[in-house]
Amino acid sequence: MDVEGRGTLNMEQGQEKGTQKDDSGLATAHTIDSDSWKQVGLMLVSAFNCGWILSFSNLIMWPLGWTWGIICLLLVGIYTAYANWLLAAFHFVDNRRFIRYRDLMGYVYGKGMYHITWVFQFLTLLLGNMGFILLGGKALKEINSEFSDSPLRLQYYIVITGAAYFFYSFSIPTMSAMKNWLGISAVLTFTYIIFLLFVLVKDGKSNSDRDFDISGSQVSKVFNSFGAISAIVVSNTSGLLPEIQSTLRKPAVKNMRKALYLQYTVGVVFYYGVTVMGYWAYGSAVSAYLPENLSGPRWINVLINAIVFLQSIVSQHMFVAPILEALDTKFLEIDKAMHSGENLKRLFLLRAFFFTGNTFVAAAFPFMGDFVNFLGSFSLIPLTFMFPSMVFIKVKGRTASIQKKAWHWFNVVFSFLLTIATTISAIRLIVDNIQKYHFFADA
């Protein structure tokens, strides 16, 4: 199976040049085998509690209501945790190690699945990064709105956000290099969530007129429900577990599962808590960006939005790292240190090219919720639920019990049908917003 890369390069800041290869000799420009499970677990908890969670009350609870909202949060959360737990076991197949999702699928199912996985994964990560840029821009505009009745256009803040992400990505080029920033990110994360929950409780107690009616026709309710399921998937998984797992020290499978336990216990309490409390406080009037509903005081609103912006700079880096790894492995000079003059120039140009393109698209299509639903349907659902069961059937199908094989075939068929339904729902929402808005809208 052909993979990106002609050689190896150690990417950590301050380190000299060296080699980075997996157990099968596959080359990567980024660091592997270096991180503890606690570091990766903290990264997962912080990343999944980024500012994305401020849209989940609207995207998840508003279309589903209380009963189905809580049921779907629990069931999809458990299902997602199981799927990631299963995928972690296939970091090794036939005594070969796989540090990239596409390499695993290519080895098991051939070159066609390699390319399909590559497209699905990179589409998810690209759309996710655009969503992060929109999120950061929205947070900055909300700060401006607290001090001015005529804030600057959203696009100005999107450009500022893209520039901030670029500089961070250039300075901290790999996932492992985030180590010294994860503590700061965790403090920022829990600070803004605590302040947010304080305001939500205050607003919820004073808002006696809120209602929880699910509006719209029966058809729109069905489509919106599938969109909500997509958003729950997005809230719980990333589609890049093998890439994250590659950074872990051995034993990689055991340590990855420990990190997942941390995400699905500590992490889920906070992002599910904000999702439910936002809906409780404002009912069907909850905004697609929760801080727009907050009653204040002003300093808390400013603080929450400022922290959301700062925290997103660190969190977005985890989700975009596989794309940057592919670019770095292909274009950087493998025989020189990362901070050599030539590699520094190339690294600068690669990051500038990537974030300039993503920032432009985000500015042209500022529809945050649409990105969440689409990436959670067309690509992330297969990556999360379908592909791990496909690997199980191929790798362990001959020795597995008939009950296990039936279960994994059910996962494949069910996730395929769910992908179709949620993708149709996401496309319908995008078409509706295109009719309402124009390019470079000040959303």
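Cβ from N, Cα, C; glycine included.
Summarising the annotation, TrEMBL assigns compositional bias 'Basic and acidic residues' to 14-24.
As annotated by TrEMBL, domain 'Amino acid transporter transmembrane' applies to 35-427.
Annotation comment: TrEMBL describes 1-27 as region 'Disordered'.
For 40-62 (among others), the entry in TrEMBL reads transmembrane segment.
Annotation comment: TrEMBL describes 68-93 (among others) as transmembrane segment.
According to TrEMBL, the feature transmembrane segment maps to 114-134 (among others). Long-range Cβ contacts of the transmembrane segment (114-134) within its own chain (Cβ-Cβ under 8 Å, at least 6 residues beyond either end) map to 1, 50, 52, 101-106, 158, 161-162, 165, 239-240, 312, 315-316, 319-320, 322-323, 358-359, 361-362, 365-366, 368, 371-372, 374-375, 378-380, 382-383, 387.
Among the features that TrEMBL reports, transmembrane segment is placed at 154-170 (among others).
Residues or ranges marked as transmembrane segment in TrEMBL: 182-201 (among others).
If you look up TrEMBL, you'll see 261-282 (among others) marked as transmembrane segment. Under 8 Å from some Cβ of the transmembrane segment (261-282) lie the Cβ atoms of residues 37-38, 41-42, 44-45, 48-49, 53-54, 56-58, 60-62, 66, 69-70, 73, 77, 81, 189-190, 193, 196-197, 200-201, 203-204, 207, 210, 212, 235-236, 290, 293, all in the same chain and six or more residues away from its ends.
The transmembrane segment annotation in TrEMBL covers 302-327 (among others). Tertiary proximity for the transmembrane segment (302-327) is limited to same-chain residues at least six positions away from its ends with a CB under 8 Å from its CB atoms, namely 4, 28-30, 43, 46-47, 50-51, 54, 100-101, 121-122, 125-126, 128-129, 132-133, 135-136, 139-140, 142-143, 146, 161, 164-165, 168-169, 172-175, 178, 181-182, 184-185, 188-189, 191-192, 195-196, 199, 238, 240, 243-244, 291, 294, 350-351, 354.
Among the features that TrEMBL reports, transmembrane segment is placed at 348-368 (among others). Counting same-chain residues at least six beyond the ends of the transmembrane segment (348-368), those with a Cβ under 8 angstroms from any Cβ of the stretch are 55, 126, 129-131, 133-135, 137-138, 154-155, 158-159, 161-163, 165-166, 169-170, 288-289, 320, 323-324, 327-328, 331, 430, 433, 437, 439-443.
If you look up TrEMBL, you'll see 374-395 (among others) marked as transmembrane segment.
Listed as Cβ neighbours of the transmembrane segment (407-431) (distance under 8 Å, sequence separation of 6 or more from its ends, same chain) are residues 83, 223-224, 226-227, 229-230, 367, 369-370, 373-374, 376-378, 381-382, 384-386, 388-390, 392-393, 400. Residues annotated as transmembrane segment in TrEMBL: 407-431 (among others).
Between the transmembrane segment (374-395) and the transmembrane segment (68-93), the number of CB pairs under 8 angstroms, six or more residues apart, is three or more, so the stretches are in contact.
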